[in-house]
Amino acid sequence: MSNVTVVGLQWGDEGKGKIVDLLSEQADIVVRFQGGNNAGHTLVVNDITYKLSLLPSGIVRKGKLSVIGNGVVIDPWSLVDEIERIGKLGVSITPQNLIIADNACLILPLHRDLDALREENAGPKARIGTLKRGIGPAYEDKVGRRAIRACDLGEKTTLQNKVERLLIHHNSLRKGLGAKEIDTQELLESLYKIASKILPYVKPAWKYLYNAKGQNKKILFEGAQGAMLDIEHGTYPYVTSSNTYAGQAAVGSGIGVGSIGYILGLTKAYTTRVGGGPFPTEQSNSVGKLLQEKGNEFGTVSGRSRRCGWLDACMLRQTVIKEGVQGIALTKIDVLDSLKEIKICVGYKLDGKKIDYYPSSQIAQAKVEPIYETMAGWQTKTQGLRDFDALPKAAIRYIKRIEELLGVPVVIISTSPEREDTIVIKNPYATDNTENLSAHSALLGRTLADASR
Ligand code: GDP
Ligand code: IMO
Ligand code: MG
(Lines of atoms letter the chains of each structure in order from A and count residues from 1; the text may use other names and numbers.)
(Lines give C-alpha, C1' and ligand atoms only; values in the text may rest on other atoms or scores of the structure.)
(Ligands and ions follow the chains in the order given, each with its own letter.)
Protein backbone atom coordinates (compact mmCIF):
# COMPACT_ATOMS: atom_id res chain seq x y z
CA MET A 1 0.00 0.00 0.00
CA SER A 2 1.62 3.24 -1.07
CA ASN A 3 -0.76 5.78 0.47
CA VAL A 4 -2.22 6.41 3.93
CA THR A 5 -5.00 8.76 5.04
CA VAL A 6 -4.93 9.95 8.66
CA VAL A 7 -8.18 11.23 10.14
CA GLY A 8 -9.45 12.21 13.57
CA LEU A 9 -12.37 10.11 14.85
CA GLN A 10 -13.54 12.40 17.66
CA TRP A 11 -13.93 16.19 17.95
CA GLY A 12 -10.40 17.00 16.81
CA ASP A 13 -7.05 17.25 18.61
CA GLU A 14 -6.55 13.47 18.62
CA GLY A 15 -2.84 13.92 17.92
CA LYS A 16 -2.99 13.95 14.10
CA GLY A 17 0.05 16.23 13.88
CA LYS A 18 2.23 13.84 15.86
CA ILE A 19 1.14 10.73 13.93
CA VAL A 20 1.36 12.42 10.51
CA ASP A 21 4.84 13.65 11.41
CA LEU A 22 5.82 10.12 12.45
CA LEU A 23 4.46 8.49 9.28
CA SER A 24 5.78 11.22 7.00
CA GLU A 25 9.23 9.65 7.33
CA GLN A 26 7.94 6.96 4.96
CA ALA A 27 6.01 9.31 2.66
CA ASP A 28 7.17 11.47 -0.24
CA ILE A 29 4.23 13.87 -0.19
CA VAL A 30 1.95 15.10 2.62
CA VAL A 31 -1.41 16.58 1.60
CA ARG A 32 -3.98 18.62 3.54
CA PHE A 33 -7.40 18.18 1.94
CA GLN A 34 -9.96 20.12 4.01
CA GLY A 35 -10.40 22.71 6.74
CA GLY A 36 -8.17 25.71 7.12
CA ASN A 37 -6.27 27.49 9.83
CA ASN A 38 -8.84 26.37 12.38
CA ALA A 39 -6.61 23.29 12.68
CA GLY A 40 -3.89 23.29 15.30
CA HIS A 41 -1.46 20.39 14.97
CA THR A 42 1.36 20.07 17.49
CA LEU A 43 4.58 18.21 16.70
CA VAL A 44 7.37 17.69 19.20
CA VAL A 45 10.67 16.69 17.65
CA ASN A 46 13.90 16.65 19.68
CA ASP A 47 12.49 19.14 22.19
CA ILE A 48 11.34 21.60 19.51
CA THR A 49 7.58 22.19 19.43
CA TYR A 50 6.02 23.08 16.09
CA LYS A 51 2.44 24.39 16.09
CA LEU A 52 1.05 24.11 12.58
CA SER A 53 -2.28 25.47 11.38
CA LEU A 54 -2.38 25.29 7.63
CA LEU A 55 0.97 23.86 6.66
CA PRO A 56 0.88 20.05 6.29
CA SER A 57 2.73 18.32 9.12
CA GLY A 58 5.26 16.84 6.66
CA ILE A 59 6.78 20.29 6.23
CA VAL A 60 9.24 19.85 9.11
CA ARG A 61 11.03 16.95 7.38
CA LYS A 62 13.57 17.73 4.69
CA GLY A 63 12.98 16.38 1.20
CA LYS A 64 9.18 16.00 1.47
CA LEU A 65 6.67 17.81 -0.69
CA SER A 66 3.74 19.43 1.16
CA VAL A 67 0.51 20.10 -0.68
CA ILE A 68 -2.40 22.30 0.40
CA GLY A 69 -5.21 20.75 -1.60
CA ASN A 70 -8.24 22.33 -3.26
CA GLY A 71 -10.54 21.25 -0.41
CA VAL A 72 -8.74 23.57 2.02
CA VAL A 73 -9.78 27.19 2.55
CA ILE A 74 -6.70 29.39 2.67
CA ASP A 75 -6.22 32.63 4.57
CA PRO A 76 -3.25 33.99 2.59
CA TRP A 77 -2.21 36.49 5.28
CA SER A 78 -2.24 33.85 7.97
CA LEU A 79 -0.33 31.42 5.70
CA VAL A 80 2.41 33.97 5.04
CA ASP A 81 2.72 34.53 8.81
CA GLU A 82 2.87 30.80 9.45
CA ILE A 83 5.57 30.28 6.81
CA GLU A 84 7.59 32.99 8.54
CA ARG A 85 6.93 31.65 12.06
CA ILE A 86 7.88 28.07 11.18
CA GLY A 87 10.81 29.35 9.11
CA LYS A 88 12.22 30.89 12.30
CA LEU A 89 12.34 27.38 13.81
CA GLY A 90 14.74 26.39 11.03
CA VAL A 91 12.28 24.89 8.53
CA SER A 92 12.86 26.10 5.01
CA ILE A 93 9.58 26.59 3.12
CA THR A 94 9.88 27.37 -0.58
CA PRO A 95 7.91 26.62 -3.77
CA GLN A 96 10.14 23.54 -4.02
CA ASN A 97 8.58 21.91 -0.94
CA LEU A 98 5.14 23.58 -0.75
CA ILE A 99 2.38 23.64 -3.35
CA ILE A 100 -1.00 25.36 -3.07
CA ALA A 101 -3.76 24.02 -5.30
CA ASP A 102 -4.69 26.71 -7.82
CA ASN A 103 -8.40 25.93 -7.37
CA ALA A 104 -8.44 26.29 -3.57
CA CYS A 105 -10.71 29.05 -2.23
CA LEU A 106 -9.46 31.92 -0.07
CA ILE A 107 -10.47 33.18 3.34
CA LEU A 108 -10.63 36.99 3.36
CA PRO A 109 -10.71 39.40 6.32
CA LEU A 110 -14.45 39.85 5.70
CA HIS A 111 -14.96 36.14 6.42
CA ARG A 112 -13.19 36.48 9.75
CA ASP A 113 -15.36 39.51 10.55
CA LEU A 114 -18.56 37.68 9.68
CA ASP A 115 -17.58 34.59 11.70
CA ALA A 116 -16.92 36.80 14.76
CA LEU A 117 -20.03 38.96 14.25
CA ARG A 118 -22.27 35.91 14.07
CA GLU A 119 -20.76 34.31 17.14
CA GLU A 120 -21.00 37.54 19.10
CA ASN A 121 -24.61 38.11 18.06
CA ALA A 122 -25.74 34.54 18.80
CA GLY A 123 -27.21 33.70 22.17
CA PRO A 124 -25.13 31.40 24.40
CA LYS A 125 -27.13 28.35 23.26
CA ALA A 126 -26.85 29.12 19.54
CA ARG A 127 -23.14 29.95 19.69
CA ILE A 128 -21.05 27.26 18.00
CA GLY A 129 -17.79 28.29 19.61
CA THR A 130 -15.94 28.66 16.31
CA LEU A 131 -12.35 29.78 16.13
CA LYS A 132 -13.52 33.00 14.42
CA ARG A 133 -11.05 32.39 11.62
CA GLY A 134 -13.66 32.75 8.88
CA ILE A 135 -13.85 29.05 8.02
CA GLY A 136 -17.66 28.79 7.86
CA PRO A 137 -18.25 32.00 5.86
CA ALA A 138 -15.45 31.08 3.41
CA TYR A 139 -17.01 27.66 2.70
CA GLU A 140 -20.41 29.37 2.33
CA ASP A 141 -18.96 31.60 -0.39
CA LYS A 142 -17.35 28.57 -2.05
CA VAL A 143 -20.68 26.77 -2.27
CA GLY A 144 -22.38 30.08 -3.16
CA ARG A 145 -20.05 30.26 -6.19
CA ARG A 146 -18.67 33.69 -5.33
CA ALA A 147 -15.38 32.76 -3.65
CA ILE A 148 -12.00 34.11 -4.71
CA ARG A 149 -9.70 31.23 -5.61
CA ALA A 150 -5.90 31.06 -5.39
CA CYS A 151 -5.57 31.17 -9.19
CA ASP A 152 -7.61 34.40 -9.33
CA LEU A 153 -4.74 36.20 -7.58
CA GLY A 154 -2.86 36.12 -10.87
CA GLU A 155 -5.67 37.68 -12.96
CA LYS A 156 -6.43 41.32 -12.20
CA THR A 157 -9.64 41.49 -14.26
CA THR A 158 -11.06 38.30 -12.78
CA LEU A 159 -10.16 39.49 -9.30
CA GLN A 160 -11.82 42.88 -9.83
CA ASN A 161 -15.04 41.33 -11.18
CA LYS A 162 -15.19 38.74 -8.43
CA VAL A 163 -14.48 41.19 -5.61
CA GLU A 164 -17.25 43.49 -6.88
CA ARG A 165 -19.70 40.60 -6.95
CA LEU A 166 -18.60 39.32 -3.55
CA LEU A 167 -19.00 42.72 -1.94
CA ILE A 168 -22.60 43.11 -3.13
CA HIS A 169 -23.31 40.05 -0.99
CA HIS A 170 -21.08 40.87 1.98
CA ASN A 171 -21.79 44.58 2.25
CA SER A 172 -25.52 43.95 2.51
CA LEU A 173 -24.85 41.39 5.25
CA ARG A 174 -22.51 43.79 7.03
CA LYS A 175 -25.06 46.58 6.85
CA GLY A 176 -27.61 44.30 8.49
CA LEU A 177 -25.15 43.43 11.26
CA GLY A 178 -24.15 47.06 11.83
CA ALA A 179 -20.59 46.61 10.51
CA LYS A 180 -18.68 49.06 8.32
CA GLU A 181 -18.96 48.39 4.58
CA ILE A 182 -15.86 47.21 2.69
CA ASP A 183 -14.36 49.39 -0.02
CA THR A 184 -13.74 47.48 -3.28
CA GLN A 185 -10.48 49.24 -4.06
CA GLU A 186 -9.08 48.75 -0.57
CA LEU A 187 -9.73 45.01 -0.65
CA LEU A 188 -8.30 44.74 -4.17
CA GLU A 189 -5.11 46.58 -3.13
CA SER A 190 -4.56 44.25 -0.19
CA LEU A 191 -5.13 41.21 -2.43
CA TYR A 192 -2.65 42.53 -5.05
CA LYS A 193 -0.12 42.96 -2.24
CA ILE A 194 -0.44 39.46 -0.79
CA ALA A 195 -0.67 37.87 -4.27
CA SER A 196 3.06 38.21 -4.94
CA LYS A 197 3.83 36.20 -1.77
CA ILE A 198 1.34 33.42 -2.52
CA LEU A 199 1.48 33.00 -6.30
CA PRO A 200 4.91 31.29 -6.41
CA TYR A 201 3.31 28.32 -4.59
CA VAL A 202 0.10 28.19 -6.65
CA LYS A 203 0.07 25.25 -9.08
CA PRO A 204 -2.22 22.55 -10.47
CA ALA A 205 -1.64 20.34 -7.42
CA TRP A 206 -3.55 17.38 -8.87
CA LYS A 207 -0.93 17.03 -11.64
CA TYR A 208 1.85 16.66 -9.09
CA LEU A 209 -0.14 13.97 -7.30
CA TYR A 210 -0.86 12.23 -10.59
CA ASN A 211 2.83 12.25 -11.55
CA ALA A 212 3.78 11.04 -8.07
CA LYS A 213 1.38 8.12 -8.47
CA GLY A 214 3.02 7.21 -11.77
CA GLN A 215 6.39 7.15 -10.03
CA ASN A 216 5.06 4.98 -7.18
CA LYS A 217 5.68 7.72 -4.65
CA LYS A 218 4.00 7.48 -1.27
CA ILE A 219 1.35 10.00 -0.35
CA LEU A 220 0.13 10.76 3.17
CA PHE A 221 -3.21 12.56 3.46
CA GLU A 222 -3.55 14.60 6.64
CA GLY A 223 -7.05 15.24 7.94
CA ALA A 224 -7.94 18.19 10.12
CA GLN A 225 -10.65 18.38 12.81
CA GLY A 226 -12.44 15.08 13.49
CA ALA A 227 -15.35 12.91 12.39
CA MET A 228 -17.80 14.36 14.89
CA LEU A 229 -17.06 17.84 13.51
CA ASP A 230 -17.87 16.70 9.94
CA ILE A 231 -20.48 18.97 8.37
CA GLU A 232 -22.73 15.99 7.55
CA HIS A 233 -21.82 13.21 9.96
CA GLY A 234 -20.98 15.28 13.02
CA THR A 235 -23.00 16.83 15.82
CA TYR A 236 -24.71 19.33 13.49
CA PRO A 237 -24.90 22.32 13.83
CA TYR A 238 -22.02 22.18 16.33
CA VAL A 239 -19.56 21.18 13.62
CA THR A 240 -17.03 22.74 11.29
CA SER A 241 -17.96 23.62 7.70
CA SER A 242 -16.09 20.92 5.79
CA ASN A 243 -16.22 17.17 5.34
CA THR A 244 -13.60 15.75 7.64
CA TYR A 245 -14.24 12.13 6.63
CA ALA A 246 -11.48 10.23 4.86
CA GLY A 247 -13.39 10.18 1.56
CA GLN A 248 -12.79 13.91 1.30
CA ALA A 249 -9.07 13.19 0.82
CA ALA A 250 -9.87 12.25 -2.80
CA VAL A 251 -12.16 15.17 -3.65
CA GLY A 252 -10.15 17.68 -1.64
CA SER A 253 -6.90 16.92 -3.43
CA GLY A 254 -7.95 15.84 -6.91
CA ILE A 255 -6.86 12.22 -6.75
CA GLY A 256 -9.04 9.24 -7.61
CA VAL A 257 -11.07 7.68 -4.80
CA GLY A 258 -9.07 4.48 -5.14
CA SER A 259 -5.86 6.26 -4.23
CA ILE A 260 -6.41 7.41 -0.67
CA GLY A 261 -4.95 4.14 0.61
CA TYR A 262 -5.13 2.78 4.12
CA ILE A 263 -7.48 4.73 6.37
CA LEU A 264 -5.94 5.25 9.79
CA GLY A 265 -8.37 6.67 12.36
CA LEU A 266 -7.07 8.45 15.43
CA THR A 267 -8.64 8.48 18.84
CA LYS A 268 -7.36 9.55 22.20
CA ALA A 269 -7.68 6.98 24.99
CA TYR A 270 -10.43 9.32 26.29
CA THR A 271 -12.45 12.10 24.66
CA THR A 272 -12.17 15.88 24.38
CA ARG A 273 -14.15 18.62 22.72
CA VAL A 274 -13.59 22.39 22.29
CA GLY A 275 -16.50 24.75 21.79
CA GLY A 276 -20.23 24.10 22.12
CA GLY A 277 -22.36 21.04 21.37
CA PRO A 278 -23.31 17.68 22.87
CA PHE A 279 -20.74 15.42 24.53
CA PRO A 280 -22.39 12.39 26.17
CA THR A 281 -19.36 11.13 28.10
CA GLU A 282 -18.23 14.54 29.35
CA GLN A 283 -16.98 14.53 32.95
CA SER A 284 -17.52 17.89 34.58
CA ASN A 285 -15.87 16.64 37.74
CA SER A 286 -12.51 15.61 39.18
CA VAL A 287 -11.99 13.00 36.41
CA GLY A 288 -12.49 15.65 33.72
CA LYS A 289 -10.12 17.96 35.55
CA LEU A 290 -7.45 15.27 35.83
CA LEU A 291 -7.69 14.46 32.12
CA GLN A 292 -7.47 18.14 31.28
CA GLU A 293 -4.42 18.72 33.46
CA LYS A 294 -2.51 15.53 32.64
CA GLY A 295 -3.43 15.75 28.98
CA ASN A 296 -2.60 19.44 28.82
CA GLU A 297 -5.97 19.89 27.13
CA PHE A 298 -5.84 23.47 26.01
CA GLY A 299 -6.55 24.48 22.41
CA THR A 300 -3.48 24.80 20.17
CA VAL A 301 -5.09 27.66 18.24
CA SER A 302 -7.32 29.37 20.80
CA GLY A 303 -5.82 28.36 24.14
CA ARG A 304 -9.37 27.52 25.30
CA SER A 305 -9.61 24.68 27.79
CA ARG A 306 -10.93 21.49 26.20
CA ARG A 307 -13.89 19.69 27.72
CA CYS A 308 -12.85 16.16 28.77
CA GLY A 309 -14.57 12.81 29.33
CA TRP A 310 -14.43 9.03 28.94
CA LEU A 311 -13.86 7.19 25.69
CA ASP A 312 -17.07 6.77 23.71
CA ALA A 313 -16.73 3.43 21.91
CA CYS A 314 -20.33 3.54 20.71
CA MET A 315 -19.76 6.80 18.81
CA LEU A 316 -16.37 5.60 17.57
CA ARG A 317 -17.78 2.29 16.30
CA GLN A 318 -20.33 4.19 14.24
CA THR A 319 -17.62 6.38 12.73
CA VAL A 320 -15.34 3.43 12.01
CA ILE A 321 -18.18 1.81 10.05
CA LYS A 322 -19.37 4.94 8.22
CA GLU A 323 -15.93 6.26 7.39
CA GLY A 324 -14.33 2.94 6.46
CA VAL A 325 -11.55 3.13 9.03
CA GLN A 326 -9.15 0.20 8.80
CA GLY A 327 -6.88 0.68 11.77
CA ILE A 328 -6.70 2.79 14.91
CA ALA A 329 -3.93 4.94 16.27
CA LEU A 330 -4.63 5.26 19.99
CA THR A 331 -3.03 8.35 21.47
CA LYS A 332 -2.46 9.79 24.94
CA ILE A 333 -2.82 6.49 26.78
CA ASP A 334 -0.27 7.87 29.27
CA VAL A 335 -2.82 10.47 30.42
CA LEU A 336 -4.80 7.63 32.07
CA ASP A 337 -1.76 6.35 34.02
CA SER A 338 -2.91 7.41 37.49
CA LEU A 339 -6.57 6.32 37.25
CA LYS A 340 -7.86 3.50 39.42
CA GLU A 341 -10.83 2.81 37.18
CA ILE A 342 -11.46 3.64 33.56
CA LYS A 343 -14.87 3.79 31.92
CA ILE A 344 -15.81 3.13 28.31
CA CYS A 345 -19.17 4.04 26.85
CA VAL A 346 -20.56 1.03 24.98
CA GLY A 347 -24.06 2.26 24.18
CA TYR A 348 -26.71 4.76 25.27
CA LYS A 349 -30.04 4.99 26.97
CA LEU A 350 -32.57 7.20 25.25
CA ASP A 351 -35.92 7.75 26.98
CA GLY A 352 -35.33 4.62 29.05
CA LYS A 353 -34.51 2.42 26.00
CA LYS A 354 -31.08 1.00 25.14
CA ILE A 355 -29.74 2.05 21.76
CA ASP A 356 -26.50 0.97 20.08
CA TYR A 357 -25.89 4.04 17.92
CA TYR A 358 -25.61 7.80 18.25
CA PRO A 359 -28.77 9.37 16.86
CA SER A 360 -28.88 12.37 14.50
CA SER A 361 -31.64 14.41 16.13
CA GLN A 362 -30.33 17.40 18.05
CA ILE A 363 -32.61 16.70 21.01
CA ALA A 364 -31.66 13.01 21.16
CA GLN A 365 -27.95 13.82 20.84
CA ALA A 366 -28.18 16.09 23.86
CA LYS A 367 -30.33 13.66 25.82
CA VAL A 368 -28.64 10.24 25.46
CA GLU A 369 -27.16 8.79 28.62
CA PRO A 370 -24.03 6.70 28.25
CA ILE A 371 -23.98 3.04 29.29
CA TYR A 372 -20.56 2.42 30.76
CA GLU A 373 -18.37 -0.56 31.19
CA THR A 374 -15.76 -0.14 33.94
CA MET A 375 -12.25 -1.50 33.66
CA ALA A 376 -9.36 -1.53 36.09
CA GLY A 377 -6.73 1.13 35.57
CA TRP A 378 -3.00 0.28 35.57
CA GLN A 379 -1.73 2.97 37.95
CA THR A 380 1.77 2.73 36.63
CA LYS A 381 3.71 4.70 34.06
CA THR A 382 3.14 4.10 30.36
CA GLN A 383 4.44 7.54 29.48
CA GLY A 384 7.30 7.30 27.01
CA LEU A 385 7.00 3.53 26.44
CA ARG A 386 8.08 2.37 22.98
CA ASP A 387 7.55 -1.36 23.29
CA PHE A 388 4.18 -3.14 23.36
CA ASP A 389 5.43 -5.84 25.74
CA ALA A 390 6.40 -3.20 28.28
CA LEU A 391 2.79 -2.06 28.62
CA PRO A 392 1.06 -3.02 31.88
CA LYS A 393 -1.46 -5.87 31.56
CA ALA A 394 -4.41 -3.64 32.43
CA ALA A 395 -3.44 -1.24 29.64
CA ILE A 396 -3.26 -4.13 27.17
CA ARG A 397 -6.72 -5.28 28.34
CA TYR A 398 -8.04 -1.75 27.75
CA ILE A 399 -6.54 -1.67 24.24
CA LYS A 400 -7.90 -5.13 23.38
CA ARG A 401 -11.36 -4.14 24.59
CA ILE A 402 -11.25 -1.06 22.36
CA GLU A 403 -10.35 -3.29 19.41
CA GLU A 404 -13.26 -5.61 20.22
CA LEU A 405 -15.72 -2.78 20.54
CA LEU A 406 -14.60 -1.01 17.38
CA GLY A 407 -14.04 -4.13 15.28
CA VAL A 408 -10.69 -2.89 13.92
CA PRO A 409 -7.15 -3.32 15.20
CA VAL A 410 -5.18 -0.76 17.17
CA VAL A 411 -2.05 -0.47 15.03
CA ILE A 412 -0.28 2.45 16.69
CA ILE A 413 -0.13 3.51 20.35
CA SER A 414 1.22 6.90 21.34
CA THR A 415 2.64 7.39 24.83
CA SER A 416 3.85 11.02 24.84
CA PRO A 417 3.95 14.12 22.63
CA GLU A 418 7.45 13.16 21.39
CA ARG A 419 7.74 11.71 17.89
CA GLU A 420 9.69 8.64 19.03
CA ASP A 421 7.46 7.76 22.01
CA THR A 422 5.25 5.57 19.89
CA ILE A 423 4.52 1.85 19.63
CA VAL A 424 3.95 0.76 16.03
CA ILE A 425 2.21 -2.62 16.09
CA LYS A 426 1.51 -2.60 12.40
CA ASN A 427 2.93 -0.11 9.94
CA PRO A 428 0.02 1.36 7.92
CA TYR A 429 2.36 1.63 4.91
CA ALA A 430 2.95 -2.12 5.04
CA THR A 431 -0.69 -3.18 5.17
CA ASP A 432 -2.79 -4.86 2.54
CA ASN A 433 -5.62 -2.43 1.92
CA THR A 434 -8.29 -5.12 1.69
CA GLU A 435 -7.77 -6.14 5.32
CA ASN A 436 -10.47 -5.55 7.88
CA LEU A 437 -13.27 -5.28 5.39
CA SER A 438 -14.70 -8.52 6.75
CA ALA A 439 -14.35 -7.09 10.25
CA HIS A 440 -16.55 -4.22 9.15
CA SER A 441 -19.32 -6.40 7.88
CA ALA A 442 -19.16 -8.55 11.00
CA LEU A 443 -19.44 -5.44 13.11
CA LEU A 444 -22.52 -4.25 11.30
CA GLY A 445 -24.36 -7.34 12.47
CA ARG A 446 -23.47 -6.85 16.11
CA THR A 447 -25.91 -5.73 18.70
CA LEU A 448 -25.41 -3.61 21.76
CA ALA A 449 -25.65 -6.71 23.90
CA ASP A 450 -22.76 -8.31 21.97
CA ALA A 451 -20.70 -5.18 22.26
CA SER A 452 -21.18 -4.75 25.98
CA ARG A 453 -20.53 -8.38 26.90
P1 GDP B 1 -4.22 17.41 16.39
O2 GDP B 1 -5.05 18.65 16.19
O3 GDP B 1 -5.01 16.17 16.18
O4 GDP B 1 -2.93 17.43 15.62
O5 GDP B 1 -3.83 17.41 17.93
P6 GDP B 1 -3.26 18.66 18.78
O7 GDP B 1 -1.83 18.84 18.42
O8 GDP B 1 -4.16 19.83 18.68
O9 GDP B 1 -3.46 18.10 20.25
C10 GDP B 1 -2.85 16.95 20.69
C11 GDP B 1 -1.92 17.32 21.87
O12 GDP B 1 -1.53 16.14 22.53
C13 GDP B 1 -0.64 18.00 21.44
O14 GDP B 1 -0.25 18.89 22.45
C15 GDP B 1 0.35 16.85 21.34
O16 GDP B 1 1.69 17.25 21.54
C17 GDP B 1 -0.11 15.97 22.46
N18 GDP B 1 0.08 14.53 22.27
C19 GDP B 1 0.01 13.80 21.12
N20 GDP B 1 0.14 12.49 21.40
C21 GDP B 1 0.31 12.39 22.74
C22 GDP B 1 0.46 11.30 23.65
O23 GDP B 1 0.47 10.13 23.26
N24 GDP B 1 0.55 11.60 24.97
C25 GDP B 1 0.51 12.87 25.44
N26 GDP B 1 0.61 13.06 26.76
N27 GDP B 1 0.37 13.93 24.63
C28 GDP B 1 0.26 13.68 23.30
P1 IMO C 1 -7.70 20.11 14.72
O2 IMO C 1 -7.31 19.90 13.28
C3 IMO C 1 -10.75 20.90 17.72
C4 IMO C 1 -14.22 23.26 16.39
C5 IMO C 1 -14.36 24.62 17.03
C6 IMO C 1 -15.87 24.77 17.00
C7 IMO C 1 -16.25 24.10 15.68
C8 IMO C 1 -16.46 25.07 14.52
O9 IMO C 1 -6.65 20.80 15.52
O10 IMO C 1 -8.16 18.84 15.31
P11 IMO C 1 -14.78 26.50 13.04
O12 IMO C 1 -13.80 27.57 13.44
O13 IMO C 1 -14.15 25.33 12.36
O14 IMO C 1 -15.94 27.04 12.27
O15 IMO C 1 -15.39 25.97 14.45
O16 IMO C 1 -15.19 23.22 15.36
N17 IMO C 1 -12.90 23.01 15.76
C18 IMO C 1 -11.94 22.25 16.29
N19 IMO C 1 -11.88 21.61 17.49
N20 IMO C 1 -9.74 20.77 16.82
C21 IMO C 1 -9.80 21.38 15.62
O22 IMO C 1 -8.91 21.17 14.65
C23 IMO C 1 -10.92 22.20 15.32
N24 IMO C 1 -11.28 22.94 14.26
C25 IMO C 1 -12.51 23.42 14.53
O26 IMO C 1 -13.86 24.62 18.35
O27 IMO C 1 -16.46 24.02 18.03
MG1 MG D 1 -5.55 20.39 17.17
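Placed from the backbone N, Cα and C atoms, the Cβ positions cover glycine too.
TrEMBL entries are annotated by machine, without manual review.
Per TrEMBL, the feature active site, proton acceptor maps to ASP13. What TrEMBL records for HIS41 is active site, proton donor. What TrEMBL records for LYS142 is active site. Under the heading GTP binding site, TrEMBL lists 12-18, 40-42, ARG306, 332-334, 414-416. Taken from TrEMBL, the feature IMP binding site covers ASP13, GLU14, GLY15, LYS16, ASN38, ALA39, GLY40, HIS41, ARG145, GLN225, THR240, ARG304. Annotation comment: TrEMBL describes ASP13, GLY40 as Mg(2+) binding site. According to TrEMBL, the substrate binding site annotation covers THR300, VAL301, SER302, GLY303, ARG304, SER305, ARG306.
Projection of TrEMBL feature records onto the structure.
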residue: LYS18; record: GTP binding site; Cβ neighbours (10 Å): 26
residue: ASN38; record: IMP binding site; Cβ neighbours (10 Å): 27
residue: GLY40; record: IMP binding site; Cβ neighbours (10 Å): 20
residue: HIS41; record: active site, proton donor; Cβ neighbours (10 Å): 26
residue: THR42; record: GTP binding site; Cβ neighbours (10 Å): 18
residue: ARG145; record: IMP binding site; Cβ neighbours (10 Å): 7
residue: VAL301; record: substrate binding site; Cβ neighbours (10 Å): 16
residue: SER302; record: substrate binding site; Cβ neighbours (10 Å): 17
residue: ARG304; record: substrate binding site; Cβ neighbours (10 Å): 13
residue: SER305; record: substrate binding site; Cβ neighbours (10 Å): 14
### Query
Which of the recorded positions ASP13, ASN38, GLY40, VAL301 have a Cβ less than 6 Å from any atom of ligand 3?
ASP13, GLY40
### Other C-beta atoms that fall within 10 angstroms of the C-beta of GLY15 (GTP binding site)
25
#### Entry: GLY12 (GTP binding site) and ARG306 (substrate binding site), distance between Cα atoms, whole Å
10
### Query
If you check the recorded positions GLY12, ASP13, ASN38, LYS142, ARG145 one by one, which have a CB less than 6 Å away from any atom of ligand 2?
GLY12, ASP13, ASN38
### Query
Among the recorded positions HIS41, THR240, THR300, SER305, which ones place their C-alpha within 10 angstroms of the C-alpha of ASP13 (active site, proton acceptor)?
HIS41, THR300
### Task
Count, for each of the recorded positions LYS142, THR300, THR415, the other C-beta atoms lying within 10 angstroms of its own C-beta, and report the residue with the smallest count.
THR300
### Summary
With the fewest other Cβ atoms within 10 Å, the residue among the binding-site residues THR240, ARG306 is ARG306
### Query
Among ASP13, GLU14, GLY15, LYS16, ASN38, ALA39, GLY40, HIS41, ARG145, GLN225, THR240, ARG304, listed as contacts of IMP, what is the widest Cα spread in Å, to the nearest whole number?
34
### Query
What is the interatomic distance between the Cα atoms of LYS142 (active site) and THR240 (IMP binding site), given in whole Å?
15
### Query
Got a sec? Which of GLY15, ASN38, THR240, THR300, SER305, the binding-site residues, have CB under 6 Å of any ligand 1 atom?
GLY15, THR300
#### Entry: Coarse DSSP state, helix versus strand versus coil, of LYS142 (active site)
helix
### Env. residues of substrate site, Cβ within 8 Å of mean position of THR300, VAL301, SER302, GLY303, ARG304, SER305, ARG306 Cβ
GLY40, VAL274, PHE298, GLY299
### Summary
Simplified DSSP label at THR42 (GTP binding site) comes out strand
